[in-house]
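Data block below; observations after.
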Amino acid sequence: MGAGGRRMRGAPARLLLPLLPWLLLLLAPEARGAPGCPLSIRSCKCSGERPKGLSGGVPGPARRRVVCSGGDLPEPPEPGLLPNGTVTLLLSNNKITGLRNGSFLGLSLLEKLDLRNNIISTVQPGAFLGLGELKRLDLSNNRIGCLTSETFQGLPRLLRLNISGNIFSSLQPGVFDELPALKVVDLGTEFLTCDCHLRWLLPWAQNRSLQLSEHTLCAYPSALHAQALGSLQEAQLCCEGALELHTHHLIPSLRQVVFQGDRLPFQCSASYLGNDTRIRWYHNRAPVEGDEQAGILLAESLIHDCTFITSELTLSHIGVWASGEWECTVSMAQGNASKKVEIVVLETSASYCPAERVANNRGDFRWPRTLAGITAYQSCLQYPFTSVPLGGGAPGTRASRRCDRAGRWEPGDYSHCLYTNDITRVLYTFVLMPINASNALTLAHQLRVYTAEAASFSDMMDVVYVAQMIQKFLGYVDQIKELVEVMVDMASNLMLVDEHLLWLAQREDKACSRIVGALERIGGAALSPHAQHISVNARNVALEAYLIKPHSYVGLTCTAFQRREGGVPGTRPGSPGQNPPPEPEPPADQQLRFRCTTGRPNVSLSSFHIKNSVALASIQLPPSLFSSLPAALAPPVPPDCTLQLLVFRNGRLFHSHSNTSRPGAAGPGKRRGVATPVIFAGTSGCGVGNLTEPVAVSLRHWAEGAEPVAAWWSQEGPGEAGGWTSEGCQLRSSQPNVSALHCQHLGNVAVLMELSAFPREVGGAGAGLHPVVYPCTALLLLCLFATIITYILNHSSIRVSRKGWHMLLNLCFHIAMTSAVFAGGITLTNYQMVCQAVGITLHYSSLSTLLWMGVKARVLHKELTWRAPPPQEGDPALPTPSPMLRFYLIAGGIPLIICGITAAVNIHNYRDHSPYCWLVWRPSLGAFYIPVALILLITWIYFLCAGLRLRGPLAQNPKAGNSRASLEAGEELRGSTRLRGSGPLLSDSGSLLATGSARVGTPGPPEDGDSLYSPGVQLGALVTTHFLYLAMWACGALAVSQRWLPRVVCSCLYGVAASALGLFVFTHHCARRRDVRASWRACCPPASPAAPHAPPRALPAAAEDGSPVFGEGPPSLKSSPSGSSGHPLALGPCKLTNLQLAQSQVCEAGAAAGGEGEPEPAGTRGNLAHRHPNNVHHGRRAHKSRAKGHRAGEACGKNRLKALRGGAAGALELLSSESGSLHNSPTDSYLGSSRNSPGAGLQLEGEPMLTPSEGSDTSAAPLSEAGRAGQRRSASRDSLKGGGALEKESHRRSYPLNAASLNGAPKGGKYDDVTLMGAEVASGGCMKTGLWKSETTV
């Protein structure tokens, strides 16, 4: 039993021995590697796999399952490392990039291979060789783009193939030829393009009983998006329509702003759909080729994974030329697709477009400050509650506007924005709606409702859209007869639109020509054998159409009329230039109508036989209208022919592009408008040739005008705007309200006239004057303002009277105002308020200029004719001169009143429809031309009287005339030369006597004259200025009112007159005046300052340039460095002693020398008196000082009369007997004596000039007006004798002095004593006594 027991125990052990290896394999620890896998494959797991079909039992020893998923394998494991019995290999979720040839060679038992979710991009041919038993292959979610038939070699038993989720977009035919057992395939990708390139797949699948997975969905084109490929029909797989690419990128894709010299690369990537796929580059639509010298580097295109094509373009050195659009275009047989990017190249100094606000019919846009070369964008104003979706109103649409490289805004693009006006927006909706025979009549009735308010249209696009709709409705007239009446009503309503809007619509889209052309073709489209007559009446249009037989035609006469209540001729309905008020639909009896009769009856518009009606137009068609028919249309079987008549109440729908008639119709340079109704006659389908007899037309005028011309509307082509021409039309007769004409053409006929209220030409308004006007006006303004500024800045130094100063400045200012406003605003008719302001300003300035000339002529005439009686002792002083206010009230107030009344009555009197801004003709007669005629008459009378006065006794007897008028420059110089030889003391006596007799025989107030020009010269200058201004005004008026050659001639004459006027005013009043030239020189400082210890300057003799007879006044106190307190002394107006005379001369000479601060050059010697002769009492020019000086000179004249009667002795007695206190005299007394002192304040020739260290700080007192007038008087013979006696007395009392004479003057002369005294005064304040020892000072 023991032995048997042992045998029984050994039997199970023998049975377990064969299973021991399997148990060891299953129980082996994992630490030594994956279970059942070689130690070299650490990331894989191996396990046994039960064969299919076995429900239990032990797995077969040769079947292995190897799982290598998620192990980051870069490539499949070597087949030799895997178990020989491997039937399933899972390699998903790794990083395998490619499959080499023979990657799985040796795995002959492999039945399932899973390679999904890798990054496989290339599969080499033969990659699956050796897998003869493979039944399932999963290559989904990789990056495979190239698949060929060689790819799947060695898979004869493959049943299921999954290649979905890759990047291919199409498959080549025969790609599955190496898979004979294939039953199911899934090839859906995000780029799958179901087009003609996949058309082979559907029949191939049907023939092979291949099932396309339901997950195989189309991605492109968009029409088949998300549809299963297996459910499509073969016809749906086509390559028609726009090219759609699954990939098309351009880098950079957004606008780039770069600087000159930068480097910019471009890269373009697109779908590769075949060998014909190409990428081309364009710059501003021009092809781009590689050019290394120009900095353009273009690389060859590269193809990636048989799916993408890439091209690179590099700009290595960017210049300004690179600005614009750069475009990448993908081209193939199916079509082209492009991507663009804008490049803006900035210069080193880039400019900006200013911020600007634009308001138009699309909205209100505020464009910000934008860099030059940049296109700015603004969001459109959207209407979210718009019931009808518009193509241009989609969300996100924008308006664009480009700022050019010069920093100027270009016109913006607002086409993607909605209209702000409700009517325009609705009419635009009508245009976008599709029209067919079922809805045409409904849309037409709805559109007519909107056109009933055509008078309130405010946008030209309203007319454009209605015209487009009328053209669309014309195509359905043959089917819907009711459309004829609706179309005529809409055209009639559009004639109520403002004429300016009609003109703009015609210019924009030829809208008016479209409407007229549609109406002319209605008869031929609507008439048929069942409808042989059409008659439609409307407010402004009437239509009559007949279907006639040419062989039975005997002539036709039609008259267009209306009821008298609807439009009496005097009311002139619809005249151009006037906005008609909105009108409701008029009653039937107020509409235009036709009345036609056969034959040729006599019809007169003046005696129309229908009661309570007025005939507006008539046309008579001759019986021979169809006599020129071709033989094909001759009897015995005459075809039907359409004859249509139209009448338009006015010519609002007939606008040529320039709104003017052609030269043949109106003559050269004429502006004409339609003054009658327009009547049309035309045929359709008749082949009418040249007429053998003319068409007789009679038309009633609804507007006044001149020079009527018969014309017909010539339409050059279907798309042409057309225009009026008179070729073939002749005017037979013209009465005040009716014109008769004959025409050899069928068409639209009217009478053109020069209308008094011609509508303004919008396109030409503000276009400007002839170019010659502007530079000549600028020259005139330059001369006038130079004169004005000179006289204002140098008021005190220019020797003109107060009245003369005011009159000259006002005259220059008003001439400048007239010329400037004329040149700058006469053509600004586009802006109503500006045009009215220009007209009012021109009206005022023209009248005021002529009135100032008249005032100046009156003052000059008064100077020549009025003389005051010689004053006697005890006579009261003369009255103060009248103020200048009266002249301002006359020359400025009268024009202001006239212009104010004219504007208050009707402000529109200053805005006619003429092409310039001026008064309407009738109001201008009473408001301008008649006042101008009166002003000219009075002015010319003054001119004539003044001229006769100069040629009469005044010219023969100077003593009885205006003795105070100075001679001209040449005469003054000669007079000074004659007196210079009479000795130095002659000047003193002459000055005394001339001053004393200044009031004797004075012709007028002393301030009323000119110190340099004689009355004759002044009168000649005024007359010249007057007539040059009239010539300039007349030529300027003709230059804007005429056309063509007369306009050019008048513009040139205006330029000549304006230039001559400006140069004359400047030359006469500035350049030729010595005092003005001296003031100019005084404004320029000397080149180098005087030396600190310069030798004294010699004083010129008083008779050389500062002669008391012909000399100029002393320098002003402004030149003194001591200011207003520089001279504490004052001399009485009558107590002129020899001490005062000497001290006055020395002090003033010293002040003149010391006040300059530096010596003058020799060329300015003797011109010191030119500086500020009129500056009275410390630089103040007050009228009160003038009056005091006037009275002082009058009182001094009484004392000087004694010297005049007593000769030299009386003068000496007067000088030596009277005494006065220097310190106690009032200031006015000093002014009176200093103005009359001989040679006061002048440099004395031959004597040394005191240096600033030697002279005193006192200021020279200027001469008064009376003193200057007295110095300009000629010395009498007694004065000359007295001068000799005084000279002897001066030599007798002189002392021998040792003072050096720098200019070589002889010692012991006239002013030797004065020189000595001046040296003493330098230290004693002009109070040292040295010459007259008998003088006493109180």
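Glycine residues also receive a Cβ, built from the backbone N, Cα and C atoms like all the rest.
Taken from Swiss-Prot, the feature signal peptide applies to 1-33.
Cβ neighbours of ASN84 (N-linked glycosylation site) (same chain, under 8 Å, six or more residues apart in sequence): ALA62, ARG64, LEU109. According to Swiss-Prot, the feature N-linked glycosylation site maps to ASN84 (among others), an assignment based on sequence analysis.
Counting only residues at least six positions away in the same chain, the Cβ atoms of GLN124, PRO125, GLY126, ALA127, LEU129 sit under 8 Å from the Cβ of ASN101 (N-linked glycosylation site). Residues annotated as N-linked glycosylation site in Swiss-Prot: ASN101 (among others).
The helix, strand and coil residue counts that DSSP assigns across the repeat 'LRR 2' (107-130) are 0 helix, 5 strand, 19 coil. Taken from Swiss-Prot, the feature repeat 'LRR 2' covers 107-130.
Same-chain residues lying 6+ beyond the ends of the repeat 'LRR 4' (156-178) with a Cβ under 8 Å from its Cβ atoms: 116, 132-150, 184-193, 195, 197-198, 200-201, 204, 210, 213, 215-216, 219-220, 246, 271, 273, 305-307. According to Swiss-Prot, the repeat 'LRR 4' annotation covers 156-178, on the basis of sequence analysis.
Taking all protein chains in view, 21 other C-beta atoms sit within 10 angstroms of the C-beta of ASN162 (N-linked glycosylation site). The annotation N-linked glycosylation site is assigned in Swiss-Prot to ASN162 (among others) on the grounds of sequence analysis.
Under the heading domain 'LRRCT', Swiss-Prot lists 190-240, citing sequence analysis as support. Taken together, the residues in the domain 'LRRCT' (190-240) have a mean pLDDT of 88 on the 0 to 100 scale.
In the three-state DSSP scheme, ASN207 (N-linked glycosylation site) falls into the helix class. Using a 10 Å Cβ-Cβ cutoff, ASN207 (N-linked glycosylation site) registers 8 neighbours. If you look up Swiss-Prot, you'll see ASN207 (among others) marked as N-linked glycosylation site.
Listed in sequence order, the same-chain residues six or more apart from ASN275 (N-linked glycosylation site) with CB atoms under 8 A from its CB number zero; the list is none. Residues or ranges marked as N-linked glycosylation site in Swiss-Prot: ASN275 (among others).
Every protein chain shown contributes to the tally, and the Cβ of ASN602 (N-linked glycosylation site) ends up with 6 other Cβ atoms within 10 Å. The N-linked glycosylation site annotation in Swiss-Prot covers ASN602 (among others), and the record cites sequence analysis as its basis.
Positions annotated as N-linked glycosylation site by Swiss-Prot: ASN690 (among others).
Per Swiss-Prot, the feature region 'GPS' maps to 710-759; the stated evidence is sequence analysis.
Summarising the annotation, Swiss-Prot assigns compositional bias 'Basic and acidic residues' to 1275-1292.
Among the features that Swiss-Prot reports, motif 'PDZ-binding' is placed at 1335-1338.
Each residue contributes its Cα atom, and for ASN162 (N-linked glycosylation site) and ASN602 (N-linked glycosylation site) those atoms are 97 Å apart. In this structure, the CA atom of ASN207 (N-linked glycosylation site) is 91 Å away from the CA atom of ASN602 (N-linked glycosylation site).
Sequence-distant contacts of the repeat 'LRR 2' (107-130) (same chain, six or more residues past either end, CB-CB distance under 8 Å): 62-63, 69, 76, 79, 82, 84-101, 136-148, 150-155, 162, 165, 305.
Broken down with DSSP, the repeat 'LRR 4' (156-178) shows 0 helix, 3 strand, 20 coil.
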